[in-house]
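Below: one structure, written as structure tokens.
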Amino acid sequence: MLEEVPFVVNSHVFPSILKACSRIIGISEGTQIHGSAIKLNTVADPYVQNGLIQMYSKCEKLFDARCLFDNMSDKTVVSWNTIITCYAELGRWDDVKNLFWSMVELSFSAPNSITLVKMISACTKSGDFEEGKWVHGYIEENGIGLSLNLGNSLMNMYAKIGEMSEAHRLFDQMFEQDVVSWTTLVSGYAGLGCLGPARELFDRMQCRSLECDDCWLRLQRLVLGVKPDKAIVSVLAACVGLEDLFTARVIHGYVCKGRTDWTNDLINSFIGIYTKCGSMDSAELLFKRMPIRNEIKCTSVMVGYAKCGAKEVALEMFNKMPYKDVVSWNALIAVFNQCNYFNESLSIFLEMLKAKVSPNNVTLISMLSACARVGALELGKWIHAYIGRNNIEMDNYLVSSLVDMYAKCGSIELAVQVFDKMHDKDLLTWSIMIGGLAMHGHGKLALELFEEMPEDGVKPDGITFIGVLSACSHAGLVNERRHYFDLMTQVYNLSPETEHYSCMVDLLGRRGLLREAKDFIDNIPRTSNGKSVWGALLGASRVHGNVELAKYTANQLLDVDPSSSGGYVLLSNVYADSSNWDDVGKVRILMKSKGISKLPGCSSIELHGVVHEFFVGDNCHPQCEQIYMMLNELEREIRWTDGEYKY
């Protein structure tokens, strides 16, 4: 074929022709050219051999490519790179690494930057990071300079394993950085939750105007395959963690100017930050421009509306979803629980059952949590029975939720029964049971249970000790509280938090040891004497009628939380108990001037599986008239004692 062309075919022509064959995957033409090279006695030329290897590889004839390579008498660095690239493009990382080590040990040609990039990529893709670090050591020992691609490959490897200090050091060593360099570093920090450094790097990118050169970016995308939206997605992830709506809007403006393409990943990221920050108009606008709206994005926007308090809009959006799977139902129930819409969660669960959607463990855990919060014991029992009827696997989370529900709904006996039947109790279950016993006033039983934990091989944590100290408080065990506090700090090396200090103050306050309680607060770190600590002392001061200490404590509480209605109300009650009506009036005027109002008291009762809530002064219940008539009748009967009416 080539023997008949009217010009001289030399070794430099063959690679070009072979490359053309590779692009059209013309294996028959390629083999003919191979035959022509043999006839023209140019097949031994390294340029021709490298071209043939590449052609066979592109045409998926790796065996032929490898045979050619193995039979080469003079393997240059280009030859090694060609065969290594062939294996890398097919994702055969072990072969890439074996060839690299053969090159290092057997060849007179030392690996160059291209070889090392392929090797580092192979180590990263195969998860063999220790070998990748060894290659990095080889680079430094042999004084090989960090080219742009080599530096980026090493940075990417270290970012993948979370060693951002090393990735950042490499970044600073590089003579030049491109969008890949910056994106790798930003993505690495954002992925580890190090949002401050990620944001700082993005700001530096803007100062360098790296994103703003449209022509340069297009060139990067064409030549290097760089996607600039990846950097933006990483920074938006950082914005979500920081709830930085301002930066998100700046980036949104940048994208709207056509600086980069709108991709689904980019839209998803913007929806995430807007829903997190409560900017639902922007989130919905972006949601509507998505070419494909799947259930996941519908659920994300719906959850955002619920978190912003727009539960009606969230429900409307949910009802309009064409397909609702168990994940969608779970998301709505979970977010309503998070927003304290517990009765609505119960209603949604019943609708889910009517829709013939089978709840899974996640659903049941969420529902048991809702039952615990509103005291829906009967529904909680029904869920327990449902689990048994349907042979649902009782994992530790589900069992712990049952124990928690029974304890918080006032049925500590059933909580103990579920706990005792559990074979493999974990830390969560132990902590819930101890806390439940403490809450019901069974302090000594809670402490006995705590002593059994080490025998079961379970090590207590801070939450466990909240239950233990609470048990001491409810049982009035003043002497034991110091023992358990020291056990927590000195034996288990746990740092006390505000909740632990609150339990200690509450215990001392219940026993009337107000001065000791105040001294205890004075000796704890200032960062830990929060609202609950001062609230415990204020409540104790009121119970024991110590007006001066109550005034001092109330001022401390309001310094910590100026918007706390509870602090003002407790102080007002202290004054009222001592008939100091002038000061009661002053407190109420102060509350009014600050726009602080007391939340109305709320009680709930479960009847036939439905939880009814009653607020102070509320007339919204559909049976309100009958309820108040019954209350008035009960009040009259209570006051009518021994044949006379008592006012």
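Including glycine, each Cβ sits where the backbone N, Cα and C put it.
In TrEMBL this protein carries:
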type: REPEAT; residues: 76-110; note: repeat 'PPR'
type: REPEAT; residues: 112-146; note: repeat 'PPR'
type: REPEAT; residues: 178-212; note: repeat 'PPR'
type: REPEAT; residues: 325-359; note: repeat 'PPR'
type: REPEAT; residues: 395-425; note: repeat 'PPR'
type: REPEAT; residues: 426-460; note: repeat 'PPR'
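DSSP assignment over the repeat 'PPR' (395-425) gives 23 helix, 0 strand, 8 coil. When the repeat 'PPR' (426-460) is classified with DSSP, helix, strand and coil residues number 26 helix, 0 strand, 9 coil.
Residues of the repeat 'PPR' (112-146) grouped by DSSP class, helix first, strand second and coil last, total 27 helix, 0 strand, 8 coil. Across the repeat 'PPR' (325-359), DSSP helix (H, G, I), strand (E, B) and coil residues number 26 helix, 0 strand, 9 coil.
Long-range contacts of the repeat 'PPR' (76-110) within the same chain: residues 46, 49-50, 53-54, 57, 62, 65-66, 69, 118-119, 121-123, 125-126, 128, 131, 135, 138, 142, each at least 6 residues beyond the stretch ends and with a Cβ under 8 Å from a Cβ of the stretch. Using DSSP to sort the residues of the repeat 'PPR' (76-110) gives these counts of helix, strand and coil: 27 helix, 0 strand, 8 coil.
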